[in-house]
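Please read the structure below before turning to the comments.
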Amino acid sequence: MAGGFSVSASASASSGTEFEAKITPIVIISCIMAATGGLMFGYDVGISGGVTSMDDFLREFFPTVLKKKHEDKESNYCKYDNQGLQLFTSSLYLAGLTATFFASYTTRRLGRRLTMLIAGVFFIVGVIFNGAAQNLTMLIIGRILLGCGVGFANQAVPLFLSEIAPTRIRGGLNILFQLNVTIGILFANLVNYGTAKIHPWGWRLSLSLAGIPAGLLTLGALFVVDTPNSLIERGRLEDGKAVLKKIRGTDNVEPEFNEIVAASRVAQEVKHPFRNLLQRRNRPQLVIAVLLQIFQQFAGINAIMFYAPVLFNTLGFQSDASLYSAVITGAVNLLATLVSVYSVDRVGRRMLLLEAGVQMFLSQVAIAVVLGIKVTDRSDNLGHGWAIMVVVMVCIYVSSFAWSWGPLAWLIPSETFPLETRSAGQSITVCVNLLFTFVIAQAFLSMLCHLKYAIFAFFSAWVVVMSLFVLFFLPETKNVPIEEMTAERVWKQHWFWQRFMDGDNHHIVNSAGKINTV
Ligand code: BGC
């Protein structure tokens with residue numbers, strides 16, 4: 001390797017030294033601004049459950065559901081089982097999972113920052129459509145535009161955060177995205193709690209207030225600098241170095257700069273990032289990214305997040321009390337995410353996921369048992385004490401999700417793909433996440449109707465599977481610099497993934513700057 005260095009393992013990678021980096025105000029402020037992309041995602045996730053349980057909204061767009069809701073003969077578990085209603089919630093996810101592929105192109109070619117700006121514009125137009133909706137078509141078009149915003153934002157924001165952050169606090173800063181998701185959900189729950197009392201246009205206010213997060217992201221994207229990795233990837237080496245000095249608070253950025261330049265040389269050679277993603281040596285990251293998303297959704301969180309008000313209604317709480325419970329779960333979700341911000345770079349990713357697995361499993365089983373014994377098809381009679389117990393169990397479940405699968409399913413893919421496939425990899429991540437979010441959103445009400453309480457047993461079985469996956473297949477990525485997340489440093493050390501590295505071709509950038517494959 002004389003006279004050059006391997007992109008897969010630079011000198012600093014093998015010694016494991018850290019680059020010089022101060023925690024500068026500009027990094028913190030940039031991350032806070034960019035992370036508002038999560039706010040919009042969270043608001044959209046959180047708002048639909050409350051809105052779809054408001055009578056005024058149902059009367060205007062889904063009169064048959066309204067009728068069913070007030071008919072006593074309908075089974076408790078089946079009141080809301082309506083494909084049209086589910087499509088309102090789901091259309092956003094379908095749009096998002098398609099849009100993310102366009103966003104992959106823009107994050108690579110136009111940069112992370114501009115992609116966030118595009119997301120902001122989509123959000124603003126979508127909010128206008130939704131807030132002003134006169135008919136179902138306008139409502140769905142609005143949701144689709146918001147979905148495009150989610151596709152662009154969820155593509156760009158996690159990458160932005162992981163790239164701009166100093167290694168030792170990368171996990172914590174990346175989780176600001178998820179923290180914003182949870183703030184968005186809570187904000188949406190609070191808004192619904194208030195607007196449910198405003199007749200007949202409370203729902204309109206709920207949908208319009210999404211303008212606040214939309215505006216924040218747009219402003220944020222105007223003010224932040226792009227990441228050095230993205231600038232260098234697009235050939236703007238000097239700008240990249242200047243930004244690196246600014247964000248790291250030191251002039252001594254040469255080692256990190258060189259590492260990014262080397263990674264970007266390889267990236268420029270790659271003409272078809274999605275095809276590259278399928279190469280054997282990229283298998284571990286790809287498999288991990290895809291499975292983390294599927295598992296995140298099959299943990300069942302959105303069954304609770306979208307439908308908490310509906311769910312609590314089903315359990316026999318009155319309309320107001322059910323929104324109240326949704327606010328409680330929203331608050332728990334937010335506070336528990338802070339635990340993750342604090343601990344992810346200390347105890348590591350694996351530890352959080354494994355601990356949470358136990359907690360999620362036990363709480364879901366408990367919920368299934370209580371509902372199974374206490375809620376029958378026709379009787380709302382859960383009883384005060386049992387109802388409280390269910391809410392407590394839901395909170396235990398939500399808190400453990402919030403410090404594990406919630407943030408880490410976004411963090412880990414954004415930090416494990418090499419620069420050359422990072423945008424493509426993130427697209428797959430967003431696409432699979434939204435696809436399965438869609439599946440759950442579309443299927444949950446029907447599943448609740450057919451499986452009844454066993455739906456929680458179903459999710460708990462998935463928790464076992466995903467915890468075993470973490471135990472055996474997920475390497476720890478805490479404290480590994482992002483451009484060193486490579487074969488030598490990570491995958492060749494792993495008992496299983498090392499087999500994908502055998503006979504692997506390595507790109508070597510020689511001193512003349514040429515890439516050789518050895
Ligand atoms: C998930 C969302 C979920 C949210 C809950 C996110 O990480 O991707 O689907 O609604 O967490 O906090």
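In case you wondered, yes, glycine gets a Cβ from its N, Cα and C as well.
Remember, TrEMBL labels are computer predictions, not curated facts.
The transmembrane segment annotation in TrEMBL covers 23-43 (among others).
If you look up TrEMBL, you'll see 30-478 marked as domain 'Major facilitator superfamily (MFS) profile'.
Marked as transmembrane segment by TrEMBL: 84-102 (among others).
Sequence annotations record features per position, and here TrEMBL assigns transmembrane segment to 114-133 (among others).
Under the heading transmembrane segment, TrEMBL lists 139-161 (among others).
Annotation source TrEMBL lists transmembrane segment at 173-191 (among others).
Outside the transmembrane segment (203-225), and at least 6 residues removed from its termini, the chain residues within Cβ reach (under 8 Å) are 26, 30, 33-34, 36-37, 39-40, 42-44, 47, 50-51, 54, 56-57, 60, 113-114, 116-117, 119-121, 123-124, 126-127, 130-131, 133, 142, 146, 149, 153, 160, 184, 187-188, 191-192, 195, 243, 246-247. Residues or ranges marked as transmembrane segment in TrEMBL: 203-225 (among others).
Cβ atoms under 8 Å from those of the transmembrane segment (286-310) belong to residues 45-46, 48-50, 52-53, 79-80, 89, 185, 189, 192, 277-278, 319, 322-323, 325-326, 329, 333, 360, 364, 394, 397-398, 401, 405-406, 408-409, 412-413, 416-417, 425, 428-429, 432-433, 436-437, 439-441, 444-445, 448, 455-456, 458-459, 462-463, 465-466, 469, 473-474 of the same chain, restricted to positions at least 6 beyond its ends. Under the heading transmembrane segment, TrEMBL lists 286-310 (among others).
The transmembrane segment annotation in TrEMBL covers 322-344 (among others).
Summarising the annotation, TrEMBL assigns transmembrane segment to 351-373 (among others).
Under the heading transmembrane segment, TrEMBL lists 385-412 (among others). Residues of the same chain lying 6 or more positions beyond the ends of the transmembrane segment (385-412) and with a Cβ under 8 Å from any Cβ of it are 154, 158, 162, 171, 174-175, 177-179, 181-182, 288-289, 292-293, 295-296, 299, 301, 304, 308, 312, 315-317, 325, 328-329, 332-337, 339-341, 343-344, 349, 352-353, 355-357, 359-360, 362-364, 366-367, 370-371, 374, 429, 433, 466, 474, 477.
Nonlocal intrachain contacts for the transmembrane segment (424-445), taken as residues 6+ away from its ends with a CB within less than 8 angstroms of a stretch CB, comprise 80-83, 85-87, 89-90, 93-94, 96-97, 100-101, 103-104, 107-108, 147, 150-151, 154-155, 158-159, 273-274, 276-277, 282, 285-286, 289-290, 292-294, 296-298, 300, 302-303, 306-307, 310, 409-410, 413-414, 416-417, 455. According to TrEMBL, the feature transmembrane segment maps to 424-445 (among others).
The transmembrane segment feature in TrEMBL is assigned to 451-474 (among others). Distant neighbours of the transmembrane segment (451-474): 77, 287-288, 291, 295, 298-300, 303, 349-350, 353-354, 357-358, 360-361, 364-365, 367-368, 371-372, 375, 377, 405, 412, 444, 496-497; these residues of the same chain sit at least 6 beyond its ends, with a Cβ under 8 Å from one of its Cβ atoms.
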Per-region confidence, the domain 'Major facilitator superfamily (MFS) profile' (30-478) (mean pLDDT, whole number): 91
